[in-house]
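A.B. asks: I am attaching a structure below and will ask some questions about it afterwards.
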Ligand SMILES: C[S@@+](CC[C@H](N)C(=O)[O-])C[C@H]1O[C@@H](n2cnc3c(N)ncnc32)[C@H](O)[C@@H]1O
Ligand code: SF4
């Protein structure tokens, strides 16, 4: 593993804290916090309505981490090397007074004095109303999930007939208030919304919005999954490139610690990304950790069990050494392992935690 990542002793600043690396040499840089497991959508690939009826036993608010607990936890992670925090869910904008949490997180600085970047992933339904206050609270960037421009397809996929125009408006408002670059995540399912790949690419070219196409994954909580429903990044890219020629920004692979393979349009129309979690699962430089809304730590989206942090959230010192030890013991490469199993059989092979609890 490449140790050039870390400042050599001669270049270390006063107050330098030894970076925290796992058993495969991967540093801890990226924290995703799920602030709520509930959602106002029922996306067919995440929380299908038949599995998540209105009386589904979501976490009661008393079992969610409080903002003070999240801040304590985030502060410890930042001391260990985290410089990017993403707020997610469920639908994070359903959490009341989220701006207060963002204000607290935006004040964090790394041991060498840099600001921590704060991003949010949302379905966009409440974004137009909240973008300004989120920006004022210190949010840097936003990623909006949007699977179709066609209203009928979008309404079927979000499971609650939510109109696409409102999400598009939310994206415009987010751009206008400066939550840039706005990214749009599209989960592509064969025969469901693959007709929308080129229309979405066309729509967001020359707008500054970065569209990212995500392969439909076998995440927890969705019941049946089959590889036959996956449109590979390669296939999606070929569709786009046939109309709008593309140039790779990273030899067809994600850049260090990134999830998407990035491309730019040859004519200067902007950027588009592809997340190949199924066809090219890659754990090699994964530097992400996730915390569920009830305070469990997951070092991989495809892990089955999390480490309960709540008993440790009263002591910052104890928490930091627990997190350091836990990361140092990490050897996960579930994505690659599960990818090999799913490739071989074409079907899901094991249980994983539900996406809406641990966040995407
Ligand atoms: C779980 S959602 C949480 C945040 C917010 N509710 C949203 O939809 O953006 C985070 C991301 O996970 C993605 N996601 C959910 N289920 C997925 C699946 N089965 N395969 C691939 N991506 C999935 C969503 O598209 C979304 O971009
Ligand atoms: S992808 Fe996001 S919006 Fe859709 S059901 Fe899951 S949590 Fe809700």
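Cβ coordinates are placed from backbone N, Cα and C, and glycine is handled just like the others.
Just so you know, TrEMBL annotations are computer predictions that nobody has curated.
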A.B. asks: Using only what TrEMBL says about GTP binding by 32, 86, 121, 288, 289, 290, identify which of 183, 190 is listed for that site too.
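C.D. replies: For GTP, TrEMBL names 32, 86, 121, 288, 289, 290; of 183, 190, the listed one is 183.
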A.B. asks: Can you tell me how many other Cβ atoms are located within 10 Å of the Cβ belonging to residue 86 (GTP binding site)?
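C.D. replies: Its Cβ shell of radius 10 Å holds 21 other Cβ atoms.
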A.B. asks: Test of understanding: give the count of other CB atoms lying within 10 angstroms of the CB of residue 43 ([4Fe-4S] cluster 1 binding site).
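C.D. replies: For residue 43 ([4Fe-4S] cluster 1 binding site), the 10 Å Cβ neighbour count is 21.
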A.B. asks: Including all protein chains displayed, how many Cβ atoms other than that of residue 283 ([4Fe-4S] cluster 2 binding site) lie within 10 Å of its Cβ?
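C.D. replies: There are 17 such Cβ atoms around residue 283 ([4Fe-4S] cluster 2 binding site).
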A.B. asks: Tell me which binding-site residues (39, 43, 46, 290) have a Cβ under 6 A from ligand 2; sequence order is fine.
C.D. replies: 39, 43, 46
A.B. asks: Where among the binding-site residues 46, 286 do you find the Cβ with the fewest other Cβ atoms within 10 Å?
C.D. replies: 286
